[in-house]
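**Student:** Take this structure, written in structure tokens, and hold onto it; I'll ask about it next.
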Amino acid sequence: MNFSAVILAAGKGTRMYSNKPKVLHTLAGKPMAKHVIDTCEGLGAQNIHLVYGHGGDQMKAELGEERVQWVLQAEQLGTGHAVNQAAPEFADDEKVLVLYGDVPLISAETVENLLDAQPTGGIALLTVVLDNPMGYGRIIRRNGPVIAIVEQKDATEEQKLIKEINTGVMVATGGDLKRWLAALKNENAQGEYYLTDIIAAAHDEGRAVEAVHPVSPIEVEGVNDRAQLARLERAYQAAQAQKLLEQGVMLRDPSRFDLRGTLQCGMDIEIDANVIIEGNVTLGDNVIIGAGCVLKDCEIDDNTVIRPYSVIEGATVGEECTVGPFTRLRPGAELCNDAHVGNFVEVKNVRLGEGSKANHLTYLGDAEIGKRVNVGAGVITCNYDGANKFKTIIGDDVFVGSDSQLIAPVTVANGATVGAGSTVTKDVNENELYISRAKERRIANWQRPTKK
């Protein structure tokens, strides 16, 4: 579909009480403006013009300078003035869609309906009927067709009774839009150039104005404060949870589940309460995710159990594995099939071989660990000397006793045993027992020191 979009995002967001531009506050882990940009890109917008004012450098850094055409509105003189800043870039014959960076839930389906509804030479306008329309511009109709929009502060008492309101989202042809914008005046209670005044201008020229309703009213709710943002967050999460339930995912408590990215699921998935999904996550068949887990940019294969309060980021977990509770898998962690990682174990940039176990109180970093290895409680791979990181290599069928330290770079060969409490500074040979302990001393009749 041949269209360009203008996203208005110049507001300061005073009621957010934040140094951050309002449209950079996140919904589902993503800036509000990015939701709108993604929707436009998904529909194939030819150009996306983002009108900004406050915090431009920060917005460009977070949203990406290359994704949109940045248009500065140095003074905030109204919505019509904002769109007019981008008007020189409009092609005369293209559809121009006006959206808002603080209205993040607008759906592709609603936008498509609006674009399709634009009459030739006219305007398609997104409206909604509210029980309490206070504060919104009212839709004025004459015998059915829309003829104007009147803002709350300019409305008569009779007009204030109208419940159909303007969402601000509209489509017009570029050439017409440029002409109407150039003719706007600021003779109103706000002293601003209202975009809504182009509706009356179109009507005066005999152009049709078509009103379209969104698929869901929540799509056109804007954000002016943190309470409204929290409301939209919950609405978004409820919708995501409902989709997953319909796809066969068992969410034990849909109201306590957050999807802040994308989730691909196999069959018979169970997800307990207070689980957060971030980035791109893939779950195989028969995966169980315990309560309070955070999964980010990871892949978990079939028949694996992630026990409660585990944090997994940038990791891959094989089939038939058990992780947690209270495990942290950091980027580069790879658990092969039937691996077990237990409570208070941290794994970073490690390949843990098939059938290997680290069940308690362990740090494994920058290591290659073979098959059927048992790593005892309190074991640490000492991978960092304060300046550089080094690798630990552990072969197959190795037993590393509790409270041992492996000082990298070091290799423990196949079948070796490291006795509990050892500090390993040199390579251990195959099938060798390595013990490194201080000499035991016993002092009979020992007298403890007393305070003086």
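A Cβ is built for glycine as well, from the same backbone N, Cα and C atoms used for every other residue.
According to Swiss-Prot:
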- H360: active site, proton acceptor (ACT_SITE)
- 8-11, K22, Q73, 78-79, 100-102, G137, E151, N166, N224, R330, K348, Y363, N374: UDP-N-acetyl-alpha-D-glucosamine binding site (BINDING)
- D102, N224: Mg(2+) binding site (BINDING)
- A377, N383, Y384, S402, A420, R437: acetyl-CoA binding site (BINDING)
- 1-226: region 'Pyrophosphorylase' (REGION)
- 227-247: region 'Linker' (REGION)
- 248-452: region 'N-acetyltransferase' (REGION)
**Student:** Going by Cα-Cα distance, which of the recorded positions (N224, H360, S402) sits nearest to R330 (UDP-N-acetyl-alpha-D-glucosamine binding site)?
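**Tutor:** Looking at Cα distances from R330 (UDP-N-acetyl-alpha-D-glucosamine binding site), the smallest one goes to H360.
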**Student:** Within 10 Å of its Cβ, which one of these binding-site residues (L8, A377, A420) has the largest number of other Cβ atoms?
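**Tutor:** Ranked by Cβ atoms within 10 Å, first place goes to L8.
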**Student:** Relative to the Cβ position of G11 (UDP-N-acetyl-alpha-D-glucosamine binding site), how many further Cβ atoms are located within 10 Å?
**Tutor:** 22
**Student:** Within a 10 Å radius around the Cβ, which one of these binding-site residues has the most neighbouring Cβ atoms: E151, R437?
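**Tutor:** For the binding-site residues E151, R437, the Cβ with the most other Cβ atoms within 10 Å is E151.
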**Student:** Rounded to the nearest Å, what's the C-alpha distance separating G78 (UDP-N-acetyl-alpha-D-glucosamine binding site) and R437 (acetyl-CoA binding site)? Just drop the number here, would you?
**Tutor:** 76
**Student:** Sort G11 (UDP-N-acetyl-alpha-D-glucosamine binding site) into helix, strand or coil using the DSSP assignment.
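**Tutor:** Reduced to three states, the DSSP call for G11 (UDP-N-acetyl-alpha-D-glucosamine binding site) is coil.
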**Student:** Let me know the largest Cα to Cα distance in Å among the acetyl-CoA-binding residues A377, N383, Y384, S402, A420, R437, as an integer.
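**Tutor:** 22 Å is the greatest Cα spacing among the residues binding acetyl-CoA.
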**Student:** Quick one: pull the CA-CA distance for L8 (UDP-N-acetyl-alpha-D-glucosamine binding site) versus Y384 (acetyl-CoA binding site), whole Å only.
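**Tutor:** Cα to Cα, L8 (UDP-N-acetyl-alpha-D-glucosamine binding site) and Y384 (acetyl-CoA binding site) are separated by 49 Å.
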**Student:** Measure from the CA atom of A420 (acetyl-CoA binding site) to the CA atom of G101 (UDP-N-acetyl-alpha-D-glucosamine binding site) and give the result in Å, rounded to a whole number.
**Tutor:** 59
**Student:** Count the other Cβ atoms sitting within 10 Å of the Cβ of G101 (UDP-N-acetyl-alpha-D-glucosamine binding site), across every protein chain shown.
**Tutor:** 28
**Student:** Around D102 (Mg(2+) binding site), how many other C-beta atoms are within 10 angstroms of its C-beta?
**Tutor:** 24
**Student:** Quick one: pull the CA-CA distance for R437 (acetyl-CoA binding site) versus G11 (UDP-N-acetyl-alpha-D-glucosamine binding site), whole Å only.
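**Tutor:** Between the Cα atoms of R437 (acetyl-CoA binding site) and G11 (UDP-N-acetyl-alpha-D-glucosamine binding site), the distance comes to 66 Å.
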